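*Asks:* Pulled these from Swiss-Prot:
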- 19-42: region 'Disordered' (REGION)
- 21-38: compositional bias 'Polar residues' (COMPBIAS)
- ASN35: N-linked glycosylation site (CARBOHYD)
- ASN94: N-linked glycosylation site (CARBOHYD)
- ASN143: N-linked glycosylation site (CARBOHYD)
- 183-203: transmembrane segment (TRANSMEM)
- 211-231: transmembrane segment (TRANSMEM)
- ASN235: N-linked glycosylation site (CARBOHYD)
- ASN250: N-linked glycosylation site (CARBOHYD)
- 291-311: transmembrane segment (TRANSMEM)
- 319-339: transmembrane segment (TRANSMEM)
- 381-401: transmembrane segment (TRANSMEM)
- 408-428: transmembrane segment (TRANSMEM)
- 443-463: transmembrane segment (TRANSMEM)
- 470-490: transmembrane segment (TRANSMEM)
Amino acid sequence: MNAATSITQAPVADVELKQLNEATAQRESATNNPNDSSSIDERPIHSALSESQRSALLAVASFAAAISPASTTTYYPAITTLARDLDVSITQINLSISVYQIFQGLAPTVAAALSDRYGRRPVYLGCLFINIAANLGLARQENYTSLMVLRCLQSSSSSGTVALGQAVMDDLVTSEERGKYMAYLTLGLVMGPALGPLIGGLLSQYLGWRAIFWFLMILGGFFFVLTFTFFRETNRSIVGDGSVPPPKWNRSLVQILRKDKLVPNRESLQKKRIGVNPLASVQILCNKENFIVCMYGALLFGGYASVISIFATQLEERYGYSQVQVGLCYLPFGVGSILSRWTAGKMIDWNFKREAEKQGLKIVKNRQQDLSQYDIEKARLTISFPMIFATCGFVVAYGWLMQYNTHVASVLVIVFLIANVFTGVLIANSALLNDLNPGNGAALGAAMNLTRCLMGAGGVAAVTPLINKIGIGYTATATAGVWLAVLPALYVVYSKGYTWRKAALRSSAQGRGEGSRVASPSP
């Protein structure tokens, strides 16, 4: 009110008044027509960094995130050796995998909250430092209790990097490119399961299982140096669109040695969050649309994790393979996942643009579109459904091929296909959740990690007893059956999600209107 009064009372030159009216008209046009081409072109760029800089940052985030799954899968080829050396059962070693995944789900909630408050970079460095210490302890431990405790610490430190990767992507990437960049981010998550067993098999067979943890310690040290040297802060409340310099203590070594040429755009800074809220990820899950999409993705992930975890022991028991041979057989998982960048990733971005054209949403490169009036659920899930059906079919085929001890080549082809289509579902699922929760990448990453890892822990713990009871063929069939039985819940999001969001926006707008009337002083 005071600003309006001062503008009215002050003598304003004709030119200034004309400029003010034009600016007001532009703002009203952008508000009333968020998808109008002129209003979109007026929006600020989302990131001042070049495409190569963004790709490099996401590559570092992706490789850092690979530590978490790599710490799980390098372990698989040594399961039998560990059980023998520590004088425990294979079931107890599998329990250590389940406990690892539980902490893998819980710990990122804290890492996400800290990164929202203090920045992505310092939390990355803290997680990597603790991970180095945990692997040092694991390499020197002598009993099962120490193994369990240190695996929990290892899991807590490494898993934070997964949630941070989602946050970095949200800081840097708009919705139209999310499929491509999500594939880059997913690359680290799938390279761990792909290369981990091979590396673990080689190390455990020729140097012993302790060499696995020495390797992980060295890997963590390498990523610590890489992050310290090259990784720049991306938190938009600290650096805005990337052009605002962070505090000196939060600059990469490259930034310290070489001054940025970017012109600081302080208007791009987002409001800084006060305090640390580790429950932010839980609050995201309180939204019914987020909950359904997250839980279905977690259900898929749980089944996929169980497929990966039993693959090593099945190859050893059914085909008599050595640890190195087992590790090599995991490569199709990685190759299939990597290729999803060019299959599923491109399809997801193509379908986003196709739906945008149908719905009248104009796409402008490096401008974040207003998705409140866009049926984003249709754009993302149209691609997901056929890939989910394909994943179910391939998992059933995998189970029965294993059951009848068919030639290993057929099994490897199937696991390649499983990895390719499953990664595509994962990309679409993550892209939709990022679209539904803009500006909450860290908390969202923690929420996805929480649901996926808890479901994965349950799947890994249950799969071996289930196979022992009914066989791997029926176990795989039951897994696909559960996925299909719950699929209608995801279809509800496809058909009703946009309606839910519009209703929530109307309710929120009405609430703000009522609040402003109540808060206004009486004349």
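Quick reminder: no glycine exception, Cβ is built from N, Cα and C everywhere.
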*Asks:* Are the transmembrane segment (211-231) and the transmembrane segment (443-463) near each other by the rule of at least 3 C-beta pairs under 8 angstroms (pairs 6 or more apart)?
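*Replies:* No, the transmembrane segment (443-463) and the transmembrane segment (211-231) are not in contact.
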*Asks:* Among 291-311, 319-339, 381-401, 408-428, point out the range having the most Cβ pairs under 8 angstroms from the transmembrane segment (470-490).
*Replies:* 381-401
*Asks:* Select one residue from ASN94, ASN235, ASN250: among these glycosylation sites, choose the one with the most other Cβ atoms within 10 Å of its Cβ.
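*Replies:* By the 10 Å Cβ neighbour count, ASN235 comes out on top.
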*Asks:* Looking only at residues six or more beyond either end of the transmembrane segment (381-401), which have a C-beta under 8 A from one in the stretch?
*Replies:* 300, 303, 307, 344, 347-348, 351, 355, 410-411, 414-415, 417-418, 421-422, 424-425, 428-429, 432, 472-477, 479-480, 483-484, 487, 490-491, 493-494
*Asks:* Taking only the glycosylation sites ASN94, ASN143, ASN250, which one has a CA atom nearest to the CA atom of ASN235 (N-linked glycosylation site)?
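*Replies:* Nearest candidate: ASN250.
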*Asks:* Please report the DSSP secondary structure of ASN143 (N-linked glycosylation site), reduced to three states.
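*Replies:* Where ASN143 (N-linked glycosylation site) sits, the three-state DSSP reduction gives coil.
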*Asks:* Where ASN250 (N-linked glycosylation site) and ASN94 (N-linked glycosylation site) are concerned, what is their Cα separation in Å, rounded?
*Replies:* 40
*Asks:* Using a Cβ-Cβ cut-off of under 8 Å, list the residues of the same chain that are 6+ residues beyond the ends of the transmembrane segment (319-339) and lie near it.
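*Replies:* Result: 73, 76-78, 81, 186-187, 190-191, 193-202, 204-205, 308, 311-312, 405, 408, 412-413, 415-420, 422-423.
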*Asks:* What is the separation, in Å, between the Cα atoms of ASN94 (N-linked glycosylation site) and ASN143 (N-linked glycosylation site)?
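*Replies:* Counting only the Cα atoms, the answer is 15 Å.
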*Asks:* Around ASN143 (N-linked glycosylation site), which residues of its chain at least 6 apart sit with Cβ under 8 Å of its Cβ?
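*Replies:* Non-local contacts for ASN143 (N-linked glycosylation site): LEU86.
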